[in-house]
Amino acid sequence: MSGLGIMVLTLLLLVSMATSHQDGRGKQATQRDAINVRRRRSITRTEACYEYCKEQNKTCCGISNGRPICVGGCIR
């Protein structure tokens, strides 16, 4: 095989490796965004629980079946 053929094959290999590496970054960014959305939702639920229980002069001890658990004091 000529030197030019080897150079072309090497170039194709490098391009395919670079492309697959960039695809991996895109997947990581998508996963990171999904995790951030989940965290924001849980923070919102927790804040809503605290506000709901504060109106009843109780403490929010968590959420069960989508409903806040409000008691005088949490046991952990």
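Yeah, the Cβs are placed from backbone N, Cα and C, and that goes for glycine too.
Because the structure is a prediction, the values reported are computed rather than measured.
For Cys70, the cysteine that Swiss-Prot lists as its disulphide partner among Cys49, Cys53 is Cys53. Ranking the disulfide-bonded residues Cys49, Cys60, Cys74 by other CB atoms within 10 A of the CB puts Cys74 at the bottom.
Between the CA atoms of Cys53 (disulfide bond) and Cys60 (disulfide bond) there is a gap of 6 Å, rounded to the nearest whole number.
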